[in-house]
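Trainee: Sharing the features that Swiss-Prot gives for it:
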- CYS655: active site, nucleophile (ACT_SITE)
- ASP131, ASP133, ASP135, GLU139: Ca(2+) 1 binding site (BINDING)
- ASN162, ASP164, ASP166, ASP174, ASP185, ASP188: Ca(2+) 2 binding site (BINDING)
- ASP164, ASP166, ASP188, ASP397: Ca(2+) 3 binding site (BINDING)
- ASP174, ASP177, LYS179: Ca(2+) 4 binding site (BINDING)
- GLU362, PHE416, LEU419, GLU420: Ca(2+) 5 binding site (BINDING)
- MET1: N-acetylmethionine (MOD_RES)
- ARG352: citrulline (MOD_RES)
Amino acid sequence: MQPPIRENMLRERTVRLQYGSRVEAVYVLGTQLWTDVYSAAPAGAKTFSLKHSEGVKVEVVRDGEAEEVVTNGKQRWALSPSSTLRLSMAQASTEASSDKVTVNYYEEEGSAPIDQAGLFLTAIEISLDVDADRDGEVEKNNPKKASWTWGPEGQGAILLVNCDRDTPWLPKEDCSDEKVYSKQDLQDMSQMILRTKGPDRLPAGYEIVLYISMSDSDKVGVFYVENPFFGQRYIHILGRQKLYHVVKYTGGSAELLFFVEGLCFPDESFSGLVSIHVSLLEYMAEGIPLTPIFTDTVMFRIAPWIMTPNILPPVSVFVCCMKDNYLFLKEVKNLVEKTNCELKVCFQYMNRGDRWIQDEIEFGYIEAPHKGFPVVLDSPRDGNLKDFPIKQLLGPDFGYVTREPLFETVTSLDSFGNLEVSPPVTVNGKEYPLGRILIGSSFPLSGGRRMTKVVRDFLQAQQVQAPVELYSDWLTVGHVDEFMTFIPIPGKKEFRLLMASTSACYQLFREKQKAGHGEAVMFKGLGGMSSKRITINKILSNESLTQENQYFQRCLDWNRDILKRELALTEKDIIDLPALFKMDENHQARAFFPNMVNMIVLDKDLGIPKPFGPQVEEECCLETHVRGLLEPLGLACTFIDDISAYHKFLGEVHCGTNVRRKPFTFKWWHMVP
């Protein structure tokens with residue numbers, strides 16, 4: 001059997017009558033049947049009369065004018081090419097072919113009919129239903145279920161990619177096979193109900209079929225629960241190789257429950273929309289294809305993967321345990337204890353010597369009206385932490401997704417220190433209630449490094465956090481988290497953008513020099529850094545360092561301008577944190593002292609790389625300066641020593657930690673991208 005090809009909503013259809021015979025037809029409630037009395041008439045017929053059952057509403061339509069027909073059959077109408085009948089019924093039949101319409105044909109003056117045509121009708125109700133109004137419940141026959149619209153008044157059902165693993169002994173995500181092992185797995189799916197009502201059995205030659213298009217078959221899967229009362233079996237009926245499924249008509253009032261899962265996220269070649277159809281098919285004769293006489297369609301949008309900005313409350317902090325980071329680990333633990341989140345340590349057997357947990361993964365989430373759960377995006381970087389997301393994170397209600405390039409080379413810019421997201425912003429009247437994704441790229445026309453296209457396409461295709469490309473290729477490592485971060489302002493809905501600034505550093509050092517602290521020493525008490533005494537005077541008198549940092553400030557300002565434009569920020573939204581960089585052999589920047597902007601943000605508690613700046617009156621003047629900027633906003637600054645375990649390997653606190661946060665309370669389907 002071929003699945004039906006026509007997918008339009010067949011709400012009106014034509015039935016052909018023939019004088020001297022009776023035609024049987026199935027009528028679906030909510031549709032209209034048209035029949036042409038003129039072409040069905042015998043030769044010599046000039047007028048016709050009508051008789052019909054109480055349950056059928058019959059109208060004679062001539063030249064666009066409709067006239068309702070009483071049941072007694074006394075009235076006559078002149079036959080003309082424009083004479084048609086419009087039939088409808090309001091209730092499902094209790095028996096097959098129990099409702100009738102009879103057309104009697106007459107000659108000019110004759111009182112007895114010369115012939116007649118009969119139509120025997122069976123009325124049934126068919127409705128494929130989903131949660132189109134997004135309240136978590138499947139409603140009945142929502143008129144907008146076949147389309148999908150954004151916004152607070154929007155309609156259309158939502159589907160989750162079933163990318164978690166509810167069965168611990170399976171190697172991959174639940175959506176990777178066609179089996180269901182538990183009720184928990186069904187809870188990740190969206191419900192769909194096929195409602196039918198009618199006589200105990202349909203007339204011979206009719207069947208009901210559920211089907212999907214070939215292009216949707218790798219994006220959606222449908223399951224049916226067999227024997228709900230005698231130990232359930234979950235049968236996979238649609239998706240992958242299965243394009244259609246014949247539904248057994250049970251008679252009376254019936255509701256068949258199906259479970260629908262998403263198989264893949266929106267991407268460059270997939271908008272995220274999938275449709276499922278039910279058709280009533282009519283059989284004519286052996287060897288002739290079945291024809292659809294009624295189709296009902298529902299549409300789902302697959303929920304996008306959503307990133308969580310720093311302003312959202314933290315749930316868990318992840319950090320790697322290394323041979324050399326015991327003190328760092330202890331300081332992070334102390335910081336986390338001040339907040340209400342948990343510390344999760346990735347031990348050496350799992351990290352295999354890879355400390356950069358920020359670079360391997362990005363935490364996000366997916367959500368539908370009935371359910372939501374966190375989903376980790378695995379970077380194509382694939383360092384020694386590459387098994388961590390699948391082995392330690394993927395599990396019940398914790399999903400996994402990745403994008404790997406086939407032919408492109410993976411660079412440092414594909415690490416997820418180079419993937420951040422802003423808090424919610426409004427730009428020129430356009431709202432971004434979930435913020436905007438920020439990724440680092442190369443300078444236009446420079447032919448430098450860029451994040452791989454498959455990841456950029458994936459982020460763009462999610463639609464709800466329109467990405468902004470920044471310029472990060474001027475840095476040796478090339479990550480956006482090396483020059484910017486966002487902090488919440490406690491108790492307010494506001495935030496600030498923190499940016500690394502070499503000019504702020506030079507300005508601070510000149511002020512200290514002017515106040516007589518030119519001999520203040522940096523990196524005090526650190527044996528391994530350098531045998532040279534590095535003072536404010538030495539830094540300010542180093543011409544090449546000054547020139548390099550003027551260039552780096554231009555790179556920072558280029559990004560500042562993009563961020564101001566794309567996030568609608570003003571200067572008062574930005575706080576400059578002093579930073580210094582030195583140029584490597586490729587003319588790219590690496591931090592001269594621990595880069596304070598590369599911090600971990602846990603509500604009001606900030607874990608900031610300890611800069612080991614010049615000691616003025618027994619205090620680091622950089623720490624004092626930063627406290628003076630941030631503490632008046634209600635933030636608490638904790639400076640963490642990362643110099644030997646992270647800074648010397650070209651990363652800081654943010655690079656070595658990762659935070660899973662609570663999802664937005666705002667529902668993504670309420671926005672208009």
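Placed from the backbone N, Cα and C atoms, the Cβ positions cover glycine too.
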Trainee: ASP164 (Ca(2+) 2 binding site) to ASP397 (Ca(2+) 3 binding site): how many Å between their Cα atoms?
Mentor: 6
Trainee: Rank aside, I only need the closest one: which of the binding-site residues ASP135, LYS179, GLU362, LEU419 has its C-alpha nearest to that of ASP166 (Ca(2+) 2 binding site)?
Mentor: LYS179
Trainee: What is the interatomic distance between the Cα atoms of ASP135 (Ca(2+) 1 binding site) and GLU362 (Ca(2+) 5 binding site), given in whole Å?
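Mentor: Computed Cα spacing between ASP135 (Ca(2+) 1 binding site) and GLU362 (Ca(2+) 5 binding site) is 29 Å.
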Trainee: Check LEU419 (Ca(2+) 5 binding site) against DSSP and tell me helix, strand or coil, would you?
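Mentor: Strand, per DSSP.
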Trainee: Calculate the distance in Å between the alpha carbons (Cα) of LEU419 (Ca(2+) 5 binding site) and ASP185 (Ca(2+) 2 binding site), and round it to a whole number.
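Mentor: Checking the Cα atoms of LEU419 (Ca(2+) 5 binding site) and ASP185 (Ca(2+) 2 binding site) gives a distance of 31 Å.
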Trainee: Taking the centroid of the Cβ atoms of GLU362, PHE416, LEU419, GLU420 as the Ca(2+) 5 site, which other residues of that chain lie with their Cβ within 8 Å of it, listed in sequence order?
Mentor: MET307, GLN358, LEU377, SER379, GLY417, ASN418, VAL421, ILE439
Trainee: Of ASP133, ASP174, PHE416, GLU420, which binding-site residues come within 10 Å of CYS655 (active site, nucleophile), going by C-alpha to C-alpha distance?
Mentor: PHE416
Trainee: Using the Cβ centroid of ASP174, ASP177, LYS179 as the reference point for the Ca(2+) 4 site, which residues of the same chain not in that list have Cβ within 8 Å?
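Mentor: For the Ca(2+) 4 site, the extra neighbours are THR167, LEU170, CYS175, SER176, GLU178, VAL180, TYR181, ASP185.
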Trainee: Just the number: how many Å between the Cα atoms of ARG352 (citrulline) and ASP131 (Ca(2+) 1 binding site)?
Mentor: 46
